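Peer 1: The transmembrane segment annotation in TrEMBL covers B:21-42, B:79-104, B:116-137, B:167-190, B:240-259, B:288-310. The feature domain 'ABC transmembrane type-1' is assigned by TrEMBL to B:80-306.
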Amino acid sequence: MSRIETELKTSKENGTTMNEMTTSGASTAVTERPLGLETRGVHAWFGSHHVLSDINLQFPERSVTGLIGPSGCGKSTFLRMLNRMHEFIPSAAMAGEVLMNGNDIYAPEIDAAAMRLKIGMVFQKPNPFPAMTIRENVLSGIKLANLKVSNHDDIVEKCLSRAGLWKEVKDRLDASGGSLSGGQQQRLCIARSLAVEPTILLMDEPCSALDPGSTLRIEETIHELAEKITVVIVTHNMQQASRVSNYCAFFLSDGGPGVLVEADATRKMFTNPTDTRTADYVQGKFG
Amino acid sequence: MPQKREMHVVYSLGDRIFRRIVTAGALTSLIVLALIGLFLFARGAEIFRDMGFKFITGVKWTAGSEDGTAAAEFSIGPMLVGTIIVSFIALIVALPLSIAGALFIEFYSSQRLKRLLISLLDLAAAIPSIFFGLWGIQVFSSMAERWSYLLNSYMGWFPLFSNEMQVFGRSPFVAGLVLAAMIAPIITSISREVYSRTPRELVDSCYALGGTRWGAIRAVVLPFGRSGVLGGAMLGLGRALGETVAVYLILNLVFAYNFNILEAQGGNIASLIATRFGEATAYELKGLLAAGFVLFLLTLTVNMIATSVVQRTSKDRS
């Protein structure tokens, strides 16, 4: 318990106490912190292929949760279910509930587009809109969702600053987004996501296509973001998971659908995991 | 500074043979194109010499009298203008329809409907144009006459839509609409293909930013597909420019400039050639081949402009 408190202090979350997270079967991560997002009994299919089974997971507000596991364990699919990107794949199906502030985002009355304003996403490959300038890229979400805002310049500066890109691009906001380096492009994508003020940001291996320097820069950005919003990040990189996340969830598939093996505070997952498979994975024995 | 070394690549026998084969393939089409152009020009040269620039601008197409009292005079002004008018009507009508159709198939239809529509489109693109001509004159023109009438009643004050004779069949407008139906499948097919190559992650990004489907289409798909769709449109335009039999069946061939697209008179170069070819004198035949050369240059120019536009816009993107 004290361990976790120390960890929270380092991520500037002091003042909040938190229980050791309990693990029972696949259901995990109960804290006293308010929840940003929660999944209950989530399953996923592609056609008749069952890829995820019964995932119960909770994402405390203003923290970073890392989703780890070997390739093909369904963690990216799981991430895409958290803001209903899953449904754009033909033949994709799901079961269970994803709750944001207690409301099921899959409920029939939910406007999925409006929901995604609150739950943003950053993809594996940096993908600024190629036909737009840096500035237009940052404002693209506002334009797409028809949000009425007047202070465009402030938003551009604020979002680029939060994404750690402002100093590098402030003199060339009208250059094409494609003229930036890979790492800068990815930070531009983060800035773009922030412009519509999401409360949750999902990141699907955001650094896997980047060099170590850019990776470090983005990890700093993630730390800063977690002061205000909830971040869920899929990563293949164990060091990255241990560096950026407060909590970790370990997914595994042994031929069948992916399951949640264990979820806990990151420190515990890496030093003293409950499940031996977790221990083997984080120590690099497989995966 | 060290001297730069020459780099030699040694190709294997198989590679050398294959290289010859593909080179021959590429050259064949070029040679055929050049030979056709050369043939048309050589055969029409006498007319170009006799008529000069008037061949393009003049309005008279007459074989003269047999005893030589009236001189033969050939010029294709009205047909050239008619070609362009009919083709542009076709393009203006077909392009928006095709873009809408392509977007529907790619983004709004169900998987099953999508497969069905794609194969139907490819089928429609392969229908011989004579069927479009027959359908146009037998079935479609009565409907198009009604539209023409309405267009004339409400927009008749605008010269383009005026019609003194109040006869609405067999007009450039009707012919243009039939050509539109003919080229729409090709343009739709190409547009859909281009739209389907929009990088998935860009579309996903739009959705992840709270965008709607239409928002994603506007922000990403349309800009991405622009140059490809333009290329498809030019291909359609090329087909419309050279269309012979459908225009021949529908249009009332009249040798005069006609900018009132609802009036029952017009023509294009290809249908002029088809009409006159059978009974042409040796000298008139040269005139027809000269007209063919002009059409050849026109389609070549359109295609070259299209290529350069496509290259430029795709360069802008990267």
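A Cβ is built for glycine as well, from the same backbone N, Cα and C atoms used for every other residue.
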Peer 1: Other than its close neighbours in sequence, what residues sit by the transmembrane segment (B:116-137), given a CB gap under 8 Å and a spacing of at least six beyond its ends?
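Peer 2: 105, 109, 170, 174-175, 177-179, 181-182, 185-186, 188-189, 192, 243-250.
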Peer 1: Run the contact check on the transmembrane segment (B:288-310) against the transmembrane segment (B:167-190): 3 or more C-beta pairs under 8 Å, excluding pairs closer than 6 in sequence.
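Peer 2: Taking Cβ pairs at least 6 residues apart, the transmembrane segment (B:167-190) and the transmembrane segment (B:288-310) are not in contact, as fewer than 3 fall under 8 Å.
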Peer 1: Under 8 Å between C-beta atoms and at least six residues away from its ends: which parts of the chain pack against the transmembrane segment (B:21-42)?
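Peer 2: Those are 289-290, 292-293, 296, 300, in sequence order.
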